[in-house]
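Everything below concerns the one structure shown next.
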């Protein structure tokens, strides 16, 4: 087939259009960070003036929740009427106003009134008549205008923190007490008309630059080739099928919930902040993937739907790898069935353990693979422009976007040759520089399209202060995490990385002999992998799951390295034999270390995979032995011992993929309750659409049971048979029961704890009358200590027969002690029996307990029985919104649509918190790391509602926490305004603090 080649004569064309377009694009992009934007500000007024007109004087206090980020607003003004100070002194309720966190505290008692700000105290006179004290605070200082006309200036006092508006006064006595504050959200911005113009100019210039860059010589075939379906199409179908199935059954990524909530808040409010911590700082300059995800959340927040991007990216990566990268590295072999199968295996082994979900690694992985493919194939300046454009789209995704530098550096000679092919003069060379810079400036548009230099500086400052912000030389931490015995060091993650590194060393040994085309391709890919691993050190955090961003280069190197080993084995010499021996030993070591890792994954409560805490061993046989046996069979079939490294790595990767896929196919069969795979299948069939919430039940308490009147009319203490247990005591001082002894759920209470010599003890309580139980009812007790390992606790049921009770049988409640319980501060928990498990005809129950241990931790304490009900989680939360879902599992509750929002610096107060499995991850409530919801626990602790996974109460699914119902929720007026500010120094800086 003949072709006609045409190459434009650049010397006959003027470079000035390219120079001008490139220069305009670069200047427009450089101006973007400093261009003016509309910034949002909030003004809060407590109490809400509109509600005050219809206030309820019977409310216990006039307090209200209020949360802002940062915790110190831009300004605060508090007006305290003298009537409120007098009421506080008269009622012995000294707290007139408290904003929490060492902010503003105004007190009054018989000794006088005072305003306390931080460590400074100002005496406040209370003259007779209608008067008031005004506290004003701005970044310039604080002033207290007292009721006698004086002004006390506190020039060095910062604006006080605000975590709420607390007062001991009721609404009538607090009349006239007000607080007004303003706060600025430097991240909730929108472009000004000037900025929009710069964006349009920069994007048009980038497009024009690509057009003006000379392309490859055109090739016009003399005949149109006939299209024939290739034999390898079924490999593509298989890869797509596995990736689609993995979206249904695969594990959670660590930050699925975090990224989801960021995206949800962006969609709901336009605020691009981090949501859970860092004072809600935006992820600028790495927020591109979250902006893309936010649009999907407006359709659905179901896990299967939000996994669509990563699955599509995986499929795209497959085609870029198999056609683009391997098509250039192995032009012939990559298109064969064997070559395509090998590529599929390598990509699945390096992609599946890391890149499912909403984290940015899947975006980066595709981007790096695309840059690698384009760099390998670049033949003209326009090709170089496409490389730069692809890299520019990846950089704003995450810090690991820097990995795109690796293929650009390794293939710099190829890119340089491509540029020189079209450079006819120095003017054209300058034009190339400017046009390529204009194309690269697309990343600047993506970062600063709606953000400013102020936002970048502030976000970087806050993220660095609160951390993690590790320097490059702490990169070994990443590999320490990879070798941990938890989800960061699962066998599949280890195998993908360690086998790749081992094959890099094998390639470097084989490269020294006969550097043919395949060897050169393998060496370049090995260089890309090594540089990629080095570039990971630039990321401020060192988690092992970031390594999934290099899945494409890892897979490419593995494929080409296996082909290289097989080629060398056909004509072996001494160096090949040495390389085979060295590679076999190295790969065996890598396999041993890899498959010593557990089959552990994030939030194991949602998939019951085998070997979650130990290395996989089917029938007790180590996978390493199976790999060695499999490799030996391959070598026997091929007859070439020097292919051992290739056989080992292929069998090891196949084993990793097989065990991984098999584990997650088995997980929902082993335990359907709480299964993520089952929830995803239910979403497809329409049967179960609420994820994990469909399997969670809440167990709210009912009335405490009364002692049976026919057997214990006077509640005589002798009705309890105590041997070592004591009444209303018997628990450590730091293990206070839910209510004080004799009150509420602790009306009846017994314990066996004693100092200094704990001993064996037994308890048989009095009989309690059991009313008729509803089908969704039951009985419960609160316990502390242990009910197993030598101890025992049962509900003993009976039926009243005059003054006697006929025994009907014992029932042992399921118990799940907190996995993170501190023995120095034991926790109480609720356990019980459901109505269907109560013996038929039972109308009496008593508690029997045995403490059979003599060690210091073997004690047991228990309350008397009470009623409880069983309520599905979704129904329980219907009237308790907004609901905050902790970041580890915010991905799992798609029906929780009423999530608290963060807009213009104001955080909506949640009325319920869904926690992750213990140890609870309360980052969002920790002020020392900038938790956005720190105000939720500034005045009172949250209390845990008893819950369970339906049918599997022993599984720690998480928890449900509720704030005390003593304070009005967000009882203030909230006004949002916008003003135009420059992109630099437009908003006052706020220094982070702990």
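Glycine is no exception: its Cβ is also placed from the backbone N, Cα and C atoms.
TrEMBL entries are annotated by machine, without manual review.
Features as listed in TrEMBL:
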| type | residues | note |
| --- | --- | --- |
| TRANSMEM | 16-39 | transmembrane segment |
| DOMAIN | 190-637 | domain 'Arabinofuranosyltransferase central' |
| TRANSMEM | 196-213 | transmembrane segment |
| TRANSMEM | 233-254 | transmembrane segment |
| TRANSMEM | 313-332 | transmembrane segment |
| TRANSMEM | 338-356 | transmembrane segment |
| TRANSMEM | 386-416 | transmembrane segment |
| TRANSMEM | 491-510 | transmembrane segment |
| TRANSMEM | 522-539 | transmembrane segment |
| TRANSMEM | 545-565 | transmembrane segment |
| TRANSMEM | 577-597 | transmembrane segment |
| TRANSMEM | 617-636 | transmembrane segment |
| TRANSMEM | 648-669 | transmembrane segment |
| REGION | 725-746 | region 'Disordered' |
| DOMAIN | 751-960 | domain 'Arabinosyltransferase C-terminal' |
| REGION | 804-826 | region 'Disordered' |
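Beyond its flanks by at least six residues, the transmembrane segment (233-254) meets 304, 307-308, 310-311, 314-315, 318-319, 322, 337, 340-341, 344, 347-348, 351-352, 354-359, 487, 543, 545, 601-603, 606-607, 661, 664-665, 667-668, 676-677, 680-681, 684, 888-889, 891-892 of its own chain at Cβ-Cβ distances under 8 Å.
The highest tally of CB pairs under 8 A with the transmembrane segment (313-332), across 16-39, 386-416, 545-565, 617-636, is held by 545-565. Proximity of distant same-chain residues to the region 'Disordered' (804-826), defined by a Cβ-Cβ separation under 8 Å and at least 6 residues beyond the stretch ends, is recorded for 708, 711, 731-732, 734-735, 767, 781, 783-788, 792-798, 832-833, 837-842, 844, 848, 857, 917-920, 948, 953-956. The predicted model assigns the domain 'Arabinosyltransferase C-terminal' (751-960) a mean pLDDT of 91.
Beyond the transmembrane segment (16-39), the same-chain residues lying 6 or more positions past its ends with a Cβ under 8 Å from any Cβ of the stretch are 184-186, 188-192, 194-195, 198-199, 201-202, 204-206, 208-209, 212-213, 427-428, 430-439, 441-442, 444-445, 448-453, 456, 978-984, 986-987.
Counting residues per DSSP class in helix, strand and coil order gives 3 helix, 2 strand, 17 coil for the region 'Disordered' (725-746). The region 'Disordered' (804-826): residue composition by secondary structure is 0 helix, 10 strand, 13 coil, according to DSSP.
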